[in-house]
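Pulled from Swiss-Prot, these are the features on record:
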type    : residues                                               : note
BINDING : GLY17, PRO18, THR19, ALA20, SER21, GLY22, LYS23, THR24 : ATP binding site
BINDING : THR19, ALA20, SER21, GLY22, LYS23, THR24               : substrate binding site
REGION  : 42-45                                                  : region 'Interaction with substrate tRNA'
SITE    : THR108                                                 : site 'Interaction with substrate tRNA'
SITE    : ARG130                                                 : site 'Interaction with substrate tRNA'
REGION  : 166-170                                                : region 'Interaction with substrate tRNA'
REGION  : 247-252                                                : region 'Interaction with substrate tRNA'
Amino acid sequence: MNDVSKVSLPKAIFLMGPTASGKTALAIELRKVLPVELISVDSALIYRGMDIGTAKPNADELKAAPHRLLDIRDPSQAYSAADFRRDALAQMAEITAAGRIPLLVGGTMLYFKALLEGLSPLPSADPEVRSRIEQQAAELGWEALHQQLQEIDPVAAARIHPNDPQRLSRALEVFFISGKTLTELTQTSGDALPYQVHQFAIAPASRELLHQRIELRFHQMLASGFEAEVRALFARGDLHTDLPSIRCVGYRQMWSYIEGEISYDEMVYRGVCSTRQLAKRQMTWLRGWEGVRWLDSENPDRARKEVLQVVGAIAD
């Protein structure tokens, strides 16, 4: 696309960053001074009844700055990057038609990538192939299947944990159906996003500061009733640890504690560690992200001013 046609496209803003970096607070401040509407880009915030452990904006924050694509799925339901792209594009079109600018805020980098670049042409799920993979897993264990994926697609294997049966079986399924690896196919993009996008990433200047923020927030969640929230989900009886919702950081560790697998102290330790690992993965994505402007989360006023300098001109 040439520069002239790109300038004529409608505007959009991405506000990305690792967990606990202050994205939501900045987005809410920006909505006060810019003609923007917020769209959540978070694979955990989509779930109803999962508010504390996901750091979902509270009622006052949502009144000041409504977020779209929150609470759109029950924790028992799946939600893919393709689902997100479809829903986000519909919301963006609605916002643009109303003469406002979509501000997409969150930390699910796969969703941002799917939206920006389009989706690769992956084969549809095949129940017969999936059943065969699950039978193999029952006989050999997921660790053995992960080793199989390591031989077929080492790049995907490095990204997928042996204890993540959903993603592991999908990577194998794609290969068995198409004869091509998940890595090969995901390098083929679909339709690019038809917007002129201004991209920002917010994070603390040092890893130590981010780790401190993560630990503090986890303890704040515990003090706010996180255990009771997960116990309510556990009591339903239809949820389990193979679901993406219950595999969310914090929830998986609290679930293990409720099941009696680990102590409370171990749950806290693992919850903080898994959140740090999530932040590390998010930062790895962002460091390789093209066209992003970095903002310092330790100086929110300056971050807001930097966004306004860039976006204020396009919002006029």
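Yeah, the Cβs are placed from backbone N, Cα and C, and that goes for glycine too.
On a predicted model such as this, the values are computed, not experimentally measured, just so you know.
Overlay of Swiss-Prot feature records on the structure.
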| residue | record | DSSP (3 states) |
| --- | --- | --- |
| GLY17 | ATP binding site | coil |
| GLY22 | ATP binding site | coil |
| THR108 | site 'Interaction with substrate tRNA' | coil |
| ARG130 | site 'Interaction with substrate tRNA' | helix |
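On its own chain, GLY22 (ATP binding site) has ILE202, SER297, PRO300, ALA303 as residues at least 6 apart in sequence with a Cβ closer than 8 Å to its own Cβ. Measuring Cα to Cα from THR108 (site 'Interaction with substrate tRNA'), the binding-site residues that fall within 10 Å are PRO18, out of PRO18, ALA20, SER21.
According to DSSP, the region 'Interaction with substrate tRNA' (42-45) comprises 0 helix, 0 strand, 4 coil. Rounded to the nearest whole angstrom, the C-alpha distance between ARG130 (site 'Interaction with substrate tRNA') and THR19 (ATP binding site) is 33. Shown in sequence order, LEU15, MET16, GLY17, VAL105, GLY106, GLY107, ILE202 are the residues of the chain, 6+ apart in sequence, with a C-beta less than 8 angstroms from the C-beta of LYS23 (ATP binding site). Taking Cβ-Cβ distances under 8 Å and a sequence gap of 6 or more within the same chain, the neighbours of PRO18 (ATP binding site) are GLY107, ALA203, LEU210, LEU278, ALA279, LYS280, GLN282, MET283, LEU286. Taking each of the recorded positions THR19, SER21, THR24, THR108 in turn and counting other Cβ atoms within 10 Å of its Cβ gives the largest count for SER21. Counting only same-chain residues at least 6 apart in sequence, those with a Cβ under 8 Å from the Cβ of ALA20 (ATP binding site) are ALA55, LEU210, ARG213, ILE214, ARG217, THR275, ALA279. Apart from the site residues GLY17, PRO18, THR19, ALA20, SER21, GLY22, LYS23, THR24, the chain places the Cβ of GLY107, ILE202, ALA203, SER297 no farther than 8 Å from the centroid of the site's Cβ atoms, the recorded ATP location. For the region 'Interaction with substrate tRNA' (247-252), the predicted model reports an average pLDDT of 98. In terms of DSSP helix, strand and coil, the region 'Interaction with substrate tRNA' (247-252) has 2 helix, 0 strand, 4 coil. Around ARG130 (site 'Interaction with substrate tRNA'), taking its Cβ as the centre, 16 other Cβ atoms fall within 10 Å, counting all chains.
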